Structures are given as structure tokens and as C-alpha cells.
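Participant: Per TrEMBL, domain 'CstA N-terminal' is recorded for B:72-633. What TrEMBL records for B:46-66, B:72-91, B:132-151, B:157-179, B:293-315, B:364-389, B:401-424, B:507-524, B:553-572, B:584-608, B:615-635, B:682-703 (among others) is transmembrane segment.
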Amino acid sequence: MSLLASVRQGAKGFAWFMRGVMGDDAYDKYKAHHQALRDAHRDTHHDPDAAVCDGPRMMTEREFWRDQTDRQDINPQGRCC
Amino acid sequence: MGTKPRTPHDSPKRGEELDRDPLLLPVALDQTTHDAEEAHWSPLKIAIWGGISLLGGLSWVMLAVVRGETVNAIWFVFAAICTYLIGYRFYSNYIQKHLLHPDDRRATPAEYKADGKDFAATDRRVLFGHHFAAIAGAGPLVGPVLAAQMGYLPGTIWIIVGVVFAGAVQDYMVLFFSMRRGGRSLGQMARDELGKVGGTAALVATLAIMVIIVAILALVVVNALADSPWGVFSVGMTIPIALFMGVYLRFFRPGAVTEVSIIGFILLLAAIIGGGMIADTEWGSTFFAVDPLPLAIGIIVYGFVAAILPVWLLLAPRDYLSTFMKIGTIGMLAIAIIIVRPEITVPATSEFVNGGGPVVSGSLFPFLFVTIACGALSGFHALIASGTTPKLIEKERQTRFIGYGGMLMESFVAIMALVAALSIDRGIYFAMNSSPALTGGTVEGAVTFVNSLGLTGVNLTPEMLTETAKNVGEETIVSRTGGAPTLSVGLANIMQQVAGGSGMMAFWYHFAIMFEALFILTAVDAGTRVARFMLQDSLGNFFPKFKNTSWRLGAWVTTGIMVSAWGAVLVMGVTDPLGGINTLFPLFGIANQLLAAIALAVCLAIVAKRGLFKYLWIVALPLTFAAVVTIYASFLKIFSTVPAVGYFAQNRAFSNALDEGLTSFGTAKTVEAMEAVVRNTMVQGVLSILFVVLAIIVMITAVQATWKSYKSRSFGTNEDDAVASQMFAPSGFMATPEEKKLATRWDAQLAQAKLDKAGKTTRR
């Protein structure tokens, strides 16, 4: 059982690593960033309804992925030899 | 908290800004805690490091001193890994402690500029993978293969020792300095530190160097695919596969990156298997057998189209596929070498250390050090280390693991490529890597030529060449220059012993060709784009309209200029009567090392500005070496009177022959071919002069800036202002015990905050 558990944990860790390296988690990170901003905003204003920040609106998942490649269009990154 | 300022740069004022409310959890361990952890040597730790040192020492003895008939490949692996571990544990630590002084109380750009997109704190292990995928490509796979003509020892020493003292040091420093500057690029840092002249020279040199690097990488692909129907088909299929992946991600499953990469990978395997079947058919073997020149033109057209298409359609999916393949295949190769442990029969140092070798011309010094660039010291990495990575890094101390550690990993790839190339028969090696001008491109010609070299223990027979060609599913393997095919034969040889037997050799060969081509084409696409933006930025200083990168016509014109620049060099290499890669590859290495010299020169000026003259040697050592090697190599390429080495000597020899009215000279059989040599050598010679002059300007301005700092003792800084960090993360791959303790407290606090939030209570 403990062997099975550690195998499962290893597989989970590998999946987490691959997701990160391949960039699957980009939107999750973006969302977390926005939520943290919103929380901080709410904390400072002590107003539970102040959900709307002054900053940019949070993009939907589809918008985010489009925006990501569009940003690469104008800001290319080298790949080494 | 409050570690004492150790340099003029770490002013007390800055220290105060970083002081943290003692009631809050600390965001960094005290320097004293770090020092205490390092200074504590438990018996187990002593035993482990003693074991590593002994094993490393033994491996070096087996490689360098013991002279048996053969040497086992496992010693290369042990010598490399043990040396890396020692270099990482002690030397990079020394650099961290005395030169860079990371301060985890300071927020990194990923924290203080966080936008959830370009600036986003990324787990150090994930970022290591990212960074490695961005720096490693075909370079470390090709250079060591060509350098194998000198024997196994010189290349091995340079790759392993070079990375510890030069390559990894450069990557680490550039990453750290760029991080302290909000992720500024190498070009911007050069302008900040070296002024207008040095900065402009660095920029022009970078642009020119990128052109030559892209061109020669493309030449490697052309050489690997020419007249290989199987290769042309399977590599060609990567384009529709990437387009499919792009559309899939854009319209059907946005964000499913790993999923689409797995689908793409399966399609790639199908393309390789399908390529074998198609190459067997009558029409397939004629239709896909493309000559070098049309193939080169195809790649040029492809490069232009790929660079103006939107990123999501071709570039991004190809990049995903390439990253996926990189991590998979390199892991696979490492495991295979450890399982198979091939015996190496190549001598430690070959007959060609003093020059005269057919693969790369010139003597060991300096040409070995420019033939192997990537894997030991690669200037191109400075562009990556001052690109995306510094914007994603979580904590300052992690730069050591990612910058220094990432480069060690690339070096290990180079060692494996060297082992794979060394594992094949020496006769076959020389038959594959000598230019068609020498072998005539025929089996008989190759056998005669290789046996005439008088190499000890080499007795090449025609059967060996035809048999190997048949095994890997190719018409011929004679004069398959450029390194990629040789590596693929070596790799196929090793992999078939693990999986599939000789029946699978053809598959593994084309698998290897495929991933090398994939890495290279990704680098070509990305390189063209980056170069185009650099050109637009520079042209924008004279014609402001070019600054607007979304101006279509401007984008097309600048892309066209960059593509024609590398395309011209590529066509020159493909049509060169002297063999192409043999004459051009040194230029690739020289360009890459000159870029390293530029990056190190910028680091030198920065270190001097920090007032750390006592430790300036850490930068000066690799800088001096790179400068001596590249300037000397350029000097030989420009002034040598030996035609095989000097571009202008060759040029003179052929012009004289033309003047004398000869219609055939050396390996050039026609007047046109002779004229081509005259033209090519002139271009190559002029490029050599351009590179070396620009690099010397940069180095002189860097030394001037260093001297100014020394004389005036004024230590300004171009770093961003220090911002206090609000988070904690361990610094290395594994957290140390003290780091673990602190991390646990942070985890508990985060869990509590979540509970509080869920319970609708206000925090704090």
C-alpha cells in the first residue's frame, strides 16, 4: 500500500512538473495573481463589495491563451542552439 | 536580520529598507544560518562528498592516465557528474558568497513587477526545466561530434572543465545581473555599463552573430536531410503537425499544452514510421530525394514564412513539441548510455591534434575550443539568461541552481553526444565526416581516402559502409557531414541495444535526425524573429516608422533582410566546393564564443562597479580564455598562410590559379567552382574580421569601464531599487533542513489564511 502511495505521489509530482514546464498552468497562475490582487484590494478598503479593482479586468481562459501567443508575436524569445 | 553590508554597493540604507517586521514570518534565512548549515559537516556528508571525489578522481584516471585498448563510456558519465557536483557545491557557492551576494530579502522582478503573465514567480524546479529547454538545442549535440576527430580526451576535458569555470559562470552571472535589473536584455545592459560605443558594438555584433549561427544551424539540417527521402518526409511532416497543433490549441482546447504535445509526439512517431515506408516506394524515393541546394532554398522560404506567420499557428506549437522532445529524448539517451555502457576504441588524442584533420581544419589549440562552444561556453545563453528566465525567478538565491545548474545540465548533454559519436567505428566516423570533395561521395572513394589517412587501428571496408547505410535506412552514409548524421548513427547504435535490436536501427536513426532537425528549425524560427525585432529597433533610430513592430510592411522588409542574410551564408555553405561545414563551422564557434566574450565583458564592468576587485578574476579568467581563443582563431582564419586554415590564403591560392588560366584546382573541378571558392573565402574572411573587431571594441570599452571604477572608486549601480520581498522559497533543488523548517511555517500560515478566508473572518 505504501509502495502504491509513493508511486502515486511520484506520478503526481511528475505530472505537476510537466504541467509547469510545458506551461499548462499559465492561466491558473494568472488567475491566482488576479485573485490575490483583488483580495489585497478588499483588505485595504474594508469593503466586501469592492470586488472591482482599478487594474485591468481579468481575462477569461480563452482570452488569456490568445493574449499569450499575441504577446509572443511582439516580444519574441530566442531559442538557443 | 540585517546582515552587514559587505560591499560599497550594499549600502546600509538599502539594508534598512529590507528590514522586516519581526512579528512576521521571515522571507529569507539569515546569512549566519546559511553559513552555519554549510560549515556543518556531518559524518554522512563527509562520506558522501568523499565518495564523489574518489569516484570522480578514479574516472579521470581511467580516462586520462590508464591506456588500455578501450575505455568504457561509463567513466565519461562518472567523471562528468562528479566534477559537476563538486563544481556546483564548491565553486558556484564561492561565486555566490563572494561575487554575487544574492539577498533573499529583496523581491525579484517576478514579485515586484508581478503581472501574472510575463512576470510570474515560478517554482524553481519548473523554471529549471524551462530554462534548460530554452538553452539546450542542437549545438551541444553537434560540436562534440566534430571535435571527436581530435580524440576523446581534449573534448572531454574542455566540456567538463570549461563548463565549471566558464560556461556555467557566464550563465549564472548574466542571469543574476539581469534579474537585478528587472530582466533587462544583454544589449541594454551593455549600453548601460559600457556606454554608447561599447553598447552599439555589442548590439551589431549580436545581430551579426545571430545571423551566422542561424545559417550554420540550417546548414546542419540541410546536410542531414539532403538526398534522404526518409528524413525529408518525416521532418517535412513536422510542419503540418505543428499547424494542426496550433489550430487545435487556438480553437478547440486552449491551454491544453501537454495534451496537444502528446498528440503531436504520436503524430511525429507516425511520420517517422511512415517515412520509412514511403522511402521504400519508387515514387517516394524519387520525390523526396532532394538535392542540397533546393533543400536550402526550401528552408529559406520556410524561414521567411514562419517568421511572418502569427506565433500561435506555427512557432508556439513547434516550440511545445521541441520542449517535449528535448526533455524526453535527453533523459532517454542518458539512461541508454548507462545501460549499454559502450566500449570506446578511439584514442585519447588522435593523429590530428596538430592539425591536418579532415573534419575541422586546424590544430587543437585554438580550434577545439571553438568547435565545441555549446556545452562548454555558449555566448548565446546570455541572450536567454537575460530574456524570460530572470522575469520568472522566485528568489535571488535560486539563480545559482537555475543559471549555473542549468548550464551543467547542457554540458552533460554534450558529453553524451561525444560518447555517442565516439562509440561508432573510427573508419565510419571519418567516412561520414570528410567532405565530398575528399571522398568523392562514393563508397570506394571514402574507403580509399580514410585508409590513406594512416590511422592506427582503422581498416575500413566498403561492406562496413554499405551495411551501416542499410541498417539506418539510407542510400549512403558517405560524407554526411555536419555532425547530426554521425550522432544519429551513434545514437541508433546505442538505442538498438536497449530496444528493438538492429531491425530498429533505422527507426532510431531517423528519430534522432528528426529531433535534431526539430530543435534546429525552432532555433531558426525564433532566431529570425528575434533578429528581425533587433533590426527594427536599430533601424527605428534612423527611420522612426520601423519602431512600430506591428507595421506590416516594416515587419516583412526586416524579416526579408534577416532571412536573406542567413540564407546567403547557407547557400554559400551548401554550394561550397570545399565542403561547406568544414570551413563554416569554425565561424559558428568563433561567433558563439565572441558573444560569450561580450557577455563576460559586460559582467566584468558590472563586477568592477560593485567594487569587488579582489574577486574580479572569477570573471577575468573565462573572459581572458574566450578572448585569447577567439582572437587567436580569428587571427589564424584571417592571416594563416595555410590555405586549409586561412580564408584569405585559400582565396589567394584560388585567385592565382584562375589568373594562371587553370580550369581545375584542388577540389574545385570547374572555373565556376573556383570562382565560388574565391567569393566564399572572401565573405568568410570579411565576416571573421567584422566579428573580431566588434568584440575587441566591446572588450576594450569593458576594460576601460573597469579601470574607471577602480581609479575613481565610485560605485554607482544600474540595478533596480531594492523592494522588500513578502514571500519565501528554498534556493536549491532540495530544501536544506533550515529552509524546510521555515517553509513549513509558511505553509501553515498560508493554510491558516485560507481557513480564515473561508470562515469569512478578516485576516490578521
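Numbers run from 1 along the shown chain.
From the backbone N, Cα and C atoms, a Cβ is placed for every residue, glycine too.
Keep in mind the model is a prediction, meaning the values are calculated, not measured.
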Participant: For the transmembrane segment (B:364-389) and the transmembrane segment (B:46-66), check the count of CB pairs under 8 Å (sequence separation 6 or more) and say whether it reaches 3 or more.
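Facilitator: No; fewer than 3 Cβ pairs under 8 Å.
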Participant: Mind checking which residues reach the transmembrane segment (B:132-151)? Cβ under 8 Å, same chain, six or more beyond either end.
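Facilitator: Answer is 158-159, 171, 217, 220, 322-323, 326-327, 330, 346-350, 352-353, 357-360, 364, 368, 371-375, 378, 380-381, 384-385, 387-389, 406-407, 409-411, 413-415, 417-418, 420-422, 429-430, 433, 482-484, 486-487, 490, 516, 519-520, 522-523, 585, 589, 592.
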Participant: Residues sitting near the transmembrane segment (B:615-635): Cβ under 8 Å, six or more positions beyond its termini, same chain?
Facilitator: 94-95, 98-99, 165-167, 169-170, 173, 362, 365-367, 369-370, 377, 586, 589-590, 593-594, 596-597, 600-601, 603-604, 607-608, 688-689, 691-692, 695-696, 699, 706
Participant: Name the range, of those listed as B:293-315, B:401-424, B:507-524, that has the largest tally of Cβ pairs under 8 Å with the transmembrane segment (B:553-572).
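Facilitator: Going through each listed stretch, the top one turns out to be B:293-315.
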Participant: As a test of reading the model: what is the averaged pLDDT for the domain 'CstA N-terminal' (B:72-633)?
Facilitator: 94
Participant: Out of B:293-315, B:401-424, B:507-524, B:584-608, what stretch is closest in contact terms to the transmembrane segment (B:157-179), meaning most Cβ pairs under 8 angstroms?
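Facilitator: Looking only at B:293-315, B:401-424, B:507-524, B:584-608, the most contacts with the transmembrane segment (B:157-179) come from B:401-424.
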